[in-house]
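Chemist: Per Swiss-Prot, the features are:
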- TYR29, SER30, PHE31, TYR32, LYS33, LYS55, TYR74: acyl-CoA binding site (BINDING)
- 2-87: domain 'ACB' (DOMAIN)
Amino acid sequence: MSQVEFEMACASLKQLKGPVSDQEKLLVYSFYKQATQGDCNIPVPPATDVRAKAKYEAWMVNKGMSKMDAMRIYIAKVEELKKKEPC
């Protein structure tokens with residue numbers, strides 16, 4: 001697993017044409033943030049900003065995970081989503 005593989009997975013995700021659920025988007029987002037920035041380091045968003053709050057909470061779940069582990073999981077999740085793509 002390398003930085004190049006991670007970047008390729010990031011590019012692949014942008015090319016997906018099939019539907020991706022909000023839950024899947026949040027999960028992939030959380031691993032992307034952990035892989036690129038490490039533990040969540042932003043203030044808690046206001047409860048009124050539902051989207052930002054959901055993203056924050058998803059990222060916080062990965063607290064303590066190494067960037068390399070997050071990259072591996074991100075790549076695996078993107079591969080799962082690619083397999084769901086319509087032919």
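Cβ coordinates come from backbone N, Cα and C, glycine included.
Show me how these features fit into the shown structure, please.
Modeler: DSSP assigns TYR29 (acyl-CoA binding site) to a helix. Of all Cβ atoms in the shown protein chains, 15 besides its own fall within 10 Å of the Cβ of TYR29 (acyl-CoA binding site).
Within the model, the domain 'ACB' (2-87) carries an average pLDDT of 94.
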Chemist: For the binding-site residues listed here, LYS33, LYS55, which shows the highest count of neighbouring CB atoms within 10 A?
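Modeler: It comes out as LYS33.
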Chemist: Please determine which of the binding-site residues listed here (PHE31, TYR32) has the lowest count of neighbouring CB atoms within 10 Å.
Modeler: TYR32
Chemist: Measure from the Cβ of TYR74 (acyl-CoA binding site) and count the other Cβ atoms within 10 Å, all protein chains considered.
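Modeler: Other Cβ atoms within 10 Å of TYR74 (acyl-CoA binding site): 25.
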Chemist: Write out, in the order they occur in the sequence, the residues of the chain not among TYR29, SER30, PHE31, TYR32, LYS33, LYS55, TYR74 that have a C-beta within 8 Å of the mean position of the C-beta atoms of the recorded acyl-CoA site.
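Modeler: Same chain, not in TYR29, SER30, PHE31, TYR32, LYS33, LYS55, TYR74, Cβ within 8 Å: LEU26, LEU27, VAL28, GLN34, ALA35, ALA58, TRP59, ASN62, ALA70.
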